[in-house]
Each structure stands twice: as structure tokens, then as C-alpha cells.
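*Asks:* Sharing the feature lines straight out of TrEMBL:
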REGION    1-31  region 'Disordered'
COMPBIAS  1-15  compositional bias 'Basic and acidic residues'
TRANSMEM  74-98  transmembrane segment
DOMAIN    74-531  domain 'Major facilitator superfamily (MFS) profile'
TRANSMEM  110-129  transmembrane segment
TRANSMEM  141-157  transmembrane segment
TRANSMEM  163-189  transmembrane segment
TRANSMEM  201-223  transmembrane segment
TRANSMEM  229-249  transmembrane segment
TRANSMEM  312-339  transmembrane segment
TRANSMEM  359-379  transmembrane segment
TRANSMEM  400-421  transmembrane segment
TRANSMEM  427-449  transmembrane segment
TRANSMEM  461-481  transmembrane segment
TRANSMEM  493-513  transmembrane segment
Amino acid sequence: MKPNHDDLSEDKVQQDETVPGTEILFDSEGPSSHLYGHLQHIERNGQRILLIPQPSQSDPNDPLSWSPLKKGIVFANACVYSFLGGVSGPIIAAGVLQLTEQFDASFQKVNIAVAANVICTGVGCFYWMPFFAKFGRRPTYLITTVVMIACLIWQGFATRQSYISFLVARIVMGLGQSPIYSIAPTTIADIYFVHHQGSKIAFYGLSVLLAAQIGPMLSSFIIQSIGPAWSFWILAMCLGANLITLIFTMPETMYFGDRATIAPVETKSSSEHLENVGHVQTVEKVSYMSELSVWPGGNPSVDIRAMFYKSFLYCFNPIVIWASLVYGMSFISLTTLAATAAQIFGLSPYNFTSIDQGLVFLSPFVGSLTATFFCSYVVDKIVNYSARRNGGVREPEMRLFSLLVAAGITSAGSVVVALCLHNRVHYMGPIIGFGIITVSNQIGANMGMSYPIDCYPKSSAEVMVSVTFLRSVVTWIWNWFINDWLEACGPLVVFLSMGAIQVAIQLSCLGFLKWGKTLRIALFKRHILGA
């Protein structure tokens, strides 16, 4: 017999509303509910979906009230910014062989420059996050884009000069590009309601992880034709074009006004257009020229030191630590291919050219697209279904089942890659294996980002800083030894070991599926570790 959820008690609702991450997504008691009647909502397919956060009805400048087109342009800008910033790391994957010859260095030494960039990306988040929380998202996008352009030009010249100059340029680049992993999720939370955020995080995750796939693939043609330096300079030109779009189409998304609890708004069925009901607009809409201000003003209520401290606390939060491990191991699988592509495919028996090495990343690209569809459409459908069965209450843990799917995919992909490389079979074998692994990586990365944000939606910026830092530490440590390990033990040991570690971490989601909410409640009641 189908359970009846219409008797959801007021006590349960009030209890759920106090648990961080637990959201009342569907009004299961209908239009007359005294529990939800004061909340704004939309109606879709006969369901009342509550708008979380509640937008202001008196302020047209609230980013939650922007038109779908304006939100889409802002979101696209954030994704392009993150993609281009992310490309700067693995862009040298197809040129590692040339750089070892230019600098007279080993594969491992060249990849130390990659590792330095990664760890500085994590460290930089700690000062950029308080900056964009205090002074706004727009100046952060603009300033860091200029910094990245300057560093890319520097790296291009450094590839023709010395290893030390190249290493320092990579370090400065890491410090400058670090917001790509924290500001975009915050922007998504600024402009989209909770029921939209899952799919948007999936597409943002795609833009970041595609950087590790499309970047090397495209740069390989440049590197083989006109040299590694031009791969950096052309990327600088692309960021210059992105800077122009940011200047003219990226308004400030941080909202300073109050979002009061107000009466619900009638909507047309299956539409997300909100009609104003019985209210008077009290705030004047800002002009387009005003939105172009580089420095729109800061938020006086933000304490930078307190935000820094809170980000530091989240680094010890078990939910954030676990999510960082999931995200980190997913990211490691991608960076391992970038770090070892020349070592695996550039030497015997494959002897790939730079272009051939770049085209290896076409398989992971297809895998990422497949996983993004799964994360943005299939997972959201299942989460919404689970929320309806749970009396309209959505829990962050409802997404985690996808990691069980990822664990099976990781097992299959790791075995294919390890056995194919060990037995030196046709190159299509390991390439297909890398594509399979990437499906799992994309799912893992998406869950690693979305789960802690779902758990602590009001602290999304601080949470992403901590996740990015911990992920960077894991990736940094890995890059220090992966090339030497591969040379010493061979691909069979390396890729089976990496797959086993990743599967173990993914299967640990079973503990969070069972006790995740209990852990959130325990941390919240004790007010510890940022909860």
C-alpha cells in the first residue's frame, strides 16, 4: 500500500527546518497548508515546489528574481571562466616530452611544476573566498582573469628560458586562478533556487573537468605545430575574450537586501514565471551602466577573519573531509592521465606524437558528457522522487546512491586500463578504459562538490574553499610520486591500486546514506566544525 505523506506533522517540519541541509522542497499538504501557505512556490505537473531561498518581492535587483536569460548568461560566464582557468593546469600534458628536453629534466621534475600549481590553487582559495564574500563576485572575476592572463604570458616565455622561471610562474598562476573552484558554485547559489542547483553544479563540474580533457587535446595541435609557448599565449588570448564578456555581461550576484517571508505567488502550470501578488515595488531597479561598475561596493556585515576561520574549521569537518576525498580521488584519476600521457603513449610501444597524445583525451571527454547527463537529469529526477516519498522533505544524502553506480564503473575501467597497458595491447584498449573511468570520475566529482554544499547551503563559499584545499593537497601529494611509481612498478600495479582506493572511498557512501543526517544533527547541536 502506498504510504500517505499528507499527515506530516508540524513538529517534524519544524525539526527538519533546524537541520542544516534538510529542506522542505515539496508542499505535500496542498494549497491550504498552514505550514507552507506563506511561502512562495511554483507549480509544476501538479506539484507545489517551494522556492528556496525565498526571493524578495519588493526588490527587482534580487539575483533570484532575474530573468532566465540573464541568469543563463551569468552562469555561462562563470563556466567559461572556470573552464579556461582550469585548462591552464593540464595544458602542458601533450608538451611534457618537449619540456623535459628543453629543461633537461625528468618527467617527475616537470610534473612538480604541475603539483606546485595545484597546491597553490588550494592555498589561494583561503584569501580569495573572504575577498569575494566581502567585496563581491564581480571584482574577483575581473581581477583574477587579469592575473591569469599575465601569468600565461609569463609561462609562455618561461618555456623558452629556464625551469625555475617556469616553476615560479606556475606557482603564481595557482594563487591567481584558485577562485575557479569556489566562486562559481557560490554564484550558482546566488542566482538559482535549490531545485535548480543540482543540475547547474553538474554542468559547472563538467566545465572544470573538461578542462583536463579538452585543454590537452586542443593544445596538442598547437604544441606540435608552433611549440609549447604558444599554447599558453593562445589561452591568454581566450581569457582576454572572456574578460570582455565578464566586463559587459557579468553583474554582481551578491545580494545585500533582506529576503522576508511573504505570501505565496500564483503561477501558471509548469511555468517558473512568478506573478506579483498584492505587493508594491519599493526598490528602484539599477541601470545597466550601474551594473558595469568594477567595484560595486562591499558588504559591511562580513568579517573577513571570521570567514577565514570558518573555512579553516570546515577542513576538520568529517562531512567536508569525506567529500574532499571523493572529489580528490576523482580529480586524481583525471590528472594522472594528464601527468602520464607522454610517459605512457609518447614512448614505446605506442610512440604517439603530441597531437596523438592530445587526442587520447577525446575518450574522457565523451565519458564526461555521459556522466553529466546522468548527474544533471537522472539523479535530480530520483532525488525529487525520493523527496516526494519523504513527505516533501529533501535530504542531501538522497544524491549519494550515485556513488554506488560510480564504484562499479571504476572497477571495470581500472581493470581495462591496467590489463591493456600491462599486456601492451592496441592503443584503443586503454583509451576506452580511460573513458569508462572518466564516467565514474565525473559522478564522484559532482557528488564531492554538491553534497557538502547541500549540507551547508548558507556557507557554500567557505565549504568549497575547504573542499578545494583538501582536494588540492591530495592531488599535490599524488603528483609528487605518480611518474616515478609508474616507472618503478608498471601500469598494472598503479592503475589497479588507484582503482581500489577510489572504489573503497566511493563505497564508503553507504555509511553516509545510513548515518549522514545523524552526523549533521550531532555537529549542529554541538555547534562545532562550522556546523
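Glycine residues also receive a Cβ, built from the backbone N, Cα and C atoms like all the rest.
Whatever TrEMBL says is automated annotation, not expert-curated.
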*Asks:* If contact means at least 3 Cβ pairs within less than 8 Å, sequence distance 6 or more, would you call the transmembrane segment (74-98) and the transmembrane segment (229-249) in contact?
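*Replies:* Counting Cβ pairs under 8 Å (6 or more apart in sequence), the transmembrane segment (74-98) reaches the transmembrane segment (229-249), since there are 3 or more.
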*Asks:* Tell me, roughly as an integer, the mean pLDDT over the domain 'Major facilitator superfamily (MFS) profile' (74-531).
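*Replies:* Mean pLDDT for the domain 'Major facilitator superfamily (MFS) profile' (74-531): 86.
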*Asks:* Counting only residues 6 or more past its boundaries, what in the same chain has a CB within less than 8 Å of a CB in the transmembrane segment (141-157)?
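*Replies:* Those are 77-78, 81, 84-85, 88, 128, 165-166, 169-170, 172-173, 176-180, 183, 228-233, 235-236, 239-240, 242-243, 246-247, 250, 294, in sequence order.
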*Asks:* Using a Cβ cut-off under 8 Å, which residues of the same chain at least 6 positions beyond either end of the transmembrane segment (312-339) come close to it?
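*Replies:* For the transmembrane segment (312-339), the sequence-distant neighbours (Cβ-Cβ under 8 Å, at least 6 residues beyond its ends) are 89-90, 93, 96, 111, 114, 118, 126, 209, 212-213, 216, 360-361, 364, 403, 434, 437-438, 440-445, 447-449, 451-452, 455-456, 459, 462-463, 465-467, 469-471, 473-475, 478-479, 482-483, 498, 501-502, 505-506, 508-509, 512, 516, 519-520, 523, 529-531.
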*Asks:* Any contact between the transmembrane segment (201-223) and the transmembrane segment (427-449)? By contact I mean 3+ C-beta pairs closer than 8 Å, pairs at least 6 apart along the chain.
*Replies:* yes
*Asks:* Give the one range among 163-189, 229-249, 400-421, 427-449 whose Cβ atoms make the most pairs under 8 Å with those of the transmembrane segment (461-481).
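*Replies:* Per the Cβ under 8 Å count, 163-189.
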*Asks:* Could you pull out which residues elsewhere in the chain have a CB under 8 Å from any CB of the transmembrane segment (110-129), counting only those six or more residues past its ends?
*Replies:* 88-90, 92, 96, 99-100, 103, 140, 144, 163, 166-167, 170-183, 307-308, 311-312, 335, 338-339, 461-462, 464-465, 468-473, 475-476, 479-480, 482-483
